[in-house]
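J.: There's a structure below that I have some questions on.
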Amino acid sequence: MAYTNKMAYVGVELDDFEPESARSTDDRLDQSSMKTLLSSKIQGGDYTPTSSILHWTHRRSVKYLWRSFRSNTKRFFTQGFAELGIPNWRHNVCQCAILIWPLLFIGALVSILPVITSKRLFRDTDACQPDSGFSVGYGTYNIWSLAGFFQITLGFGRLSFSAAKALTVSWDIILGRGGQALMVWVSYIVYSKALVRSMESSPVTYGSFEAITLQGGTLVSLLKLSRDFVTNRTLRARLAMAWMIVSGIFVLAFQTLISAMAGYTANIESYVQLPSGSMEPYSSFSTVRYIIHDAHRINDSLTRDFMVRTSHAQYGDTVHLGYGDADACELQWYPRDTSEYSNSTVLEWSDAADPWGICDFYWHVSEYGFKYGFLGLNNVSSTFNNSGKIIHLDPPTLDIRAIFWNEAWLSDMNETKWYYWPYGFNWETPSGDRPFHNTSTSPIFSDGEYSYDLEDLNLNGKCQQLDTSYKWGFSFLVLFIVIMTFTVWCLGMYILWLDAWLNSRFDRAGRTMGLHRAVLDLAACMNQDVDEGGREMMSNGELHDKIRKGLNGGQITYEMLDEKWLPVSRRAVLDLWWLDKKQEWPGKREKMRRFWPETKRRWQETNKKEFLKRWIPAHKYTLALFLCSLGFLAAALAGTHAPLSTAMLTVAGSATALFMDEAPKGKWVVFLFCAAWGAILIPVGPFVYLDKHHYALLWGTHDAYAKLHWWYNE
């Protein structure tokens, strides 16, 4: 047969068409639509078309530019990855994403645990604990206490009843039912793959096959799997079946657990029951530092046993007695010593003026005790500064008793600075006794009229609903258990799926399990096993008895399928790839060993001046980029607080772009990859801090003033 130069498509010769018909369909459609538009404008008399304007308009249309950008980008990355020896980069990226994203999700779940266990989430400035109990003392709330198992210990908001109820119902439906449905779907996919993987080497019973493929996510399926557990022959199959049973129970209980860990409760406030039976807000009470037994000598309006209270905590109730906030006068409202800023020794008393007008009198009592002592033991005349009014007192001195309890600042106090620490802890009587040097003393709480010691305060303290508002939140213990269990479930499902993905030849061949596939496979086996006459008229019960008793549950397997029609497993492919790499490694190692001597020899034989004359102009842009990245790295190392990891990745990417001449597009792919990772790692750092004697790296958002004492001193 003679061949001609003519080309034909399905019996139609190209000679029958004009050259314009050889254009792509999209181009011809664009031209047709453009010509129609231009024709309409010509008829209207408002446009004069020319071929150059038509071509210019088409070439610069948004659609054309976008299509050109996409095609050029795709071509660039395809050629770049091909130059790097990764021709199927799309497939490889998809495979990596399939393998990595479950691990990222599991990592995100694990990262939640440190957040919810942080004490900053729990209200510790209120006498009402997260579990609604009243407590004031030296300890902090124990988030692991079983008393708060079903209490809303992580609550927030001031919601109406309708809003709180709607939020709870939405939570149960969306995350409870929706999450359970999603878990059932994931379980079906993973269990089906694991079942096929198991059936490639050993049979399973009809009941197990039905439970996984036809009755997944039900209580009946769990019962069937439990019943047929001992019939599995291999240890791997038994472990997989055991995991299916345990994880199936968790899936069935998931909605109940989600409902149990979230809910709403009334907002409460702390109160103290008075001897009269009425309730007074605990915020009216504060600790007592001094008791003046003859305070009427200062002012007739003061009672004989006048209690000098500390000021109120600024951000909540007095809860933690060991911290400084148990005495706000000592913590915040005290007279500043100006001697360190000037030659003056006058105290700045305006700093002791708290909003409640307590601390000014408090510090004047400390001043009086520093000058004249306590308990009225000095038989001398004295003066008392009553908030600027000088009171002259006849002998003896005032009978004042100081009260100190187990406070953290006691070990650091300086007795001479009565204006910085309340005076009296180390005060000695003329006989050498120190009556107030006792940290086991119980603090006294007073509202100005009633007083309680610590034990009585906790007995009479109550937490009651303030109004009709509610808070919505979580039970910490149930939330922690659910997240931990869900993380284990995700990890177990990932391991089960990964085993099937790597080792199943059916999975690699694309023969996935589904409803129709399962029905067809099960029907084929049952049709072969139940071959007696009259089976078409058997009832379901008769077939069930026949399978359970006559066939011992039946067996279904894929061992009989011809393996030559199946591809090798992904694990076998990886093993072969690794074997090839191991065989290539000696040659690559020898090549690497010779690289430096060969490069050194070539450099010695090269005319360096001529080489640089040719090389620098050819690489002027990449050389400038490399030098800039080196400057960026030097600045990061020099303590400019530039992200060091970003600088190092930028240097690596620019060096690749400079020296990898054999891959003109591949080197830019590497540079873009490094630049993208560098941008992602900007918040991570690390960041360099240094001075003449110190050098340190800080990661993330760590505060240098909190982490580095020497930087704080700067």
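From the backbone N, Cα and C atoms, a Cβ is placed for every residue, glycine too.
Because TrEMBL annotations are produced automatically, they should be read as predictions rather than curated entries.
In case it's useful when we look at the structure, here is the feature table from TrEMBL:
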- 96-116: transmembrane segment (TRANSMEM)
- 141-161: transmembrane segment (TRANSMEM)
- 173-191: transmembrane segment (TRANSMEM)
- 203-223: transmembrane segment (TRANSMEM)
- 243-264: transmembrane segment (TRANSMEM)
- 472-498: transmembrane segment (TRANSMEM)
- 621-638: transmembrane segment (TRANSMEM)
- 668-689: transmembrane segment (TRANSMEM)
J.: If I count Cβ-Cβ pairs under 8 A between the transmembrane segment (96-116) and each of 173-191, 203-223, 472-498, which range comes out on top?
T.: 472-498
J.: Using a Cβ distance cut-off of under 8 Å, indicate which of 203-223, 243-264, 472-498 has the most pairs with the transmembrane segment (173-191).
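T.: Per the Cβ count, the answer is 243-264.
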J.: Find the member of 141-161, 203-223, 243-264, 472-498, 621-638 that has more C-beta pairs under 8 Å to the transmembrane segment (668-689) than any other listed stretch.
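T.: So the stretch in question is 621-638.
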J.: Flag the pair the transmembrane segment (203-223) / the transmembrane segment (243-264) as in contact if three or more Cβ pairs fall under 8 Å (sequence separation 6 or more).
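T.: In this chain the transmembrane segment (203-223) contacts the transmembrane segment (243-264) - 3 or more Cβ pairs sit under 8 Å.
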J.: Let me check one thing: do the transmembrane segment (141-161) and the transmembrane segment (621-638) come into contact, meaning three or more Cβ pairs under 8 Å with sequence separation of at least 6?
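T.: Contact criterion not met.
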J.: Which bits of the chain, at least 6 residues beyond where the transmembrane segment (472-498) starts or stops, bring a Cβ under 8 A of a Cβ in it?
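T.: For the transmembrane segment (472-498), the far contacts come to 99, 102-103, 105-106, 109-110, 112-113, 116-117, 122, 130, 143-144, 146, 148-157, 159, 164, 167-168, 183, 186-187, 189-191, 193-194, 240, 243, 247, 250-251, 254, 257-258, 260-264.
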